[in-house]
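Residues or ranges marked as RNA binding site in Swiss-Prot: Lys180, Arg195, Gln202, Tyr260, Asn351. According to Swiss-Prot, the compositional bias 'Polar residues' annotation covers 408-432. The annotation compositional bias 'Basic and acidic residues' is assigned in Swiss-Prot to 433-464. According to Swiss-Prot, the feature region 'RNA packaging and organization of the helical nucleocapsid' maps to 1-375. If you look up Swiss-Prot, you'll see 1-403 marked as region 'Ncore'. As annotated by Swiss-Prot, region 'Homomultimerization' applies to 1-36, 373-391, with the evidence given as similarity to another entry. The region 'Disordered' annotation in Swiss-Prot covers 402-490, 506-525. As annotated by Swiss-Prot, region 'Ntail' applies to 404-525. The feature region 'Interaction with the phosphoprotein' is assigned by Swiss-Prot to 477-505, with similarity to another entry given as support.
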Amino acid sequence: MASLLKSLALFKKNKDKPPLAAGSGGAIRGIKHVIIVPIPGDSSITTRSRLLDRLVKMVGDPDISGPKLTGALISILSLFVESPGQLIQRITDDPDISIKLVEVVQSDKTQSGLTFASRGTSMDDEADRYFTYDEPNDGEERQSYWFENREIQDIEVQDPEGFNMILATILAQIWILLAKAVTAPDTAADSELRRWVKYTQQRRVIGEFKLDKGWLDTVRNRIAEDLSLRRFMVALILDIKRTPGNKPRIAEMICDIDTYIVEAGLASFILTIKFGIETMYPALGLHEFAGELSTIESLMNLYQQMGELAPYMVILENSIQNKFSAGAYPLLWSYAMGVGVELENSMGGLNFGRSYFDPAYFRLGQEMVRRSAGKVSSNLASELGITEEEARLVSEIAAYTGDDRNNRTSGPKQAQVSFLRTDQGGETQNNASKRDEARAPQIRKEARTSSKSDKYKEDTDKEPMSPSVKTLIDVDTTPEVDTDPLGSKKSAEALIRLQAMASILEDSTFGNDSPRAYNDRDLLS
């Protein structure tokens, strides 16, 4: 039996191991297509700013071809470095495309204000054909996407600081699209807006330079359909991370956006580890979980073997991503989702509608959290040096805070406050025969008010009121005089208050659709 278990562990380990490079050793290359990427031919800020302006307008052209759009986006993504050409050559290793770098310089002879740098040959016509587009023959204005603020005509600037801010604003909006472009492009608008608001509040971007929705949709669709563009973006992120020392501000912003990009499409695997295993609930000891725990262990080892590309396996369309799907460990995943829903409110919006979802193990996770609330793990307590007395104290505090948390989830309860209102009528009060009690007219429309004294109170009445009846106080029906002087004084004060209230109601105008609200503290005390 020991040899069987050893063989099983070895089998599980080798089953998920990626294939090793062997055999003929030749790399398989596909049929490549050429991508033209314009880069600045000098260090002038004017050249870069003008190139950025032309590229943004090119991307906003709805009729732009796919390879041309990819080249324009690669050029925009690399404009923040000192030598874009060297960066592109260093990080690009794509079997599907061949990148051709073209240096761009200023020119007064072209319509676009830019031309391709060449030795002895004029490339003005080629530059105009690349950077500009022809208007339709029918005379209609061609639709193009630009910034939401249509008053912005161009983004050409002369100073480096202004150029960096405009470039950072455009790059932030492009990089934010990568997080959801592959996994959930249809529901990405809300999360993208939250990221944009965050960087606007941090003054990393300029809010006035928010790109048009059509422009962003064009770029998002291109990122989703072009693997080569995603490979370049991932390679650029990894190159920035490897850079030692202080990084440019735009590079730091890209690394910050990368926190939303990494592990995209791997939520099932990551959350299963977080809620199913790291919580260390005793339910992991069930026999049903034994096989799936072994699967998770082998997948974690495989994840580490993939290195720095592992968090981007879904974005890079790596075929090994299917091994990390929740379908490989459905029971453990269902249990982990139940634990997560109970522990974190953000898990409530997760979509569980999958064929391998098991409701029984989902409820197991929920009940495990509920019944283990406030309990301290003995193994963890011994490692941390927690005594039994301290463990009991922690359990008591955890139970108290758990009850407080449950109370907060229902939301604050607002006390109902009512006011005296002048309604469209009153009602004659019935005679009262009880001692130390006087009945006042009850006004009913939407709010009901009770005025209390020490021995006198008003009764509520739910009968409809007629607008033709006036509110009156029947003095003859007041309670008989008490022999106690103090009680008589209180009775007199209460009667005065009731009469004052009745006079206010009688003086009001009937038929008013917007009744006034009285909140006189002296009358309501």
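For all residues, glycine too, the Cβ spot is worked out from N, Cα and C.
Feature map: Swiss-Prot annotations on the structure.
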residue	record	CB count, 10 Å
Lys180	RNA binding site	22
Arg195	RNA binding site	18
Gln202	RNA binding site	10
Tyr260	RNA binding site	17
Asn351	RNA binding site	7
**RNA binding residues Lys180, Arg195, Gln202, Tyr260, Asn351: largest Cα-Cα distance, in Å and rounded to whole number** = 32
**Secondary structure of Lys180 (RNA binding site) (DSSP, helix/strand/coil)** = helix
**Item:** For the region 'Homomultimerization' (1-36), mean pLDDT (0 to 100)
**Value:** 74
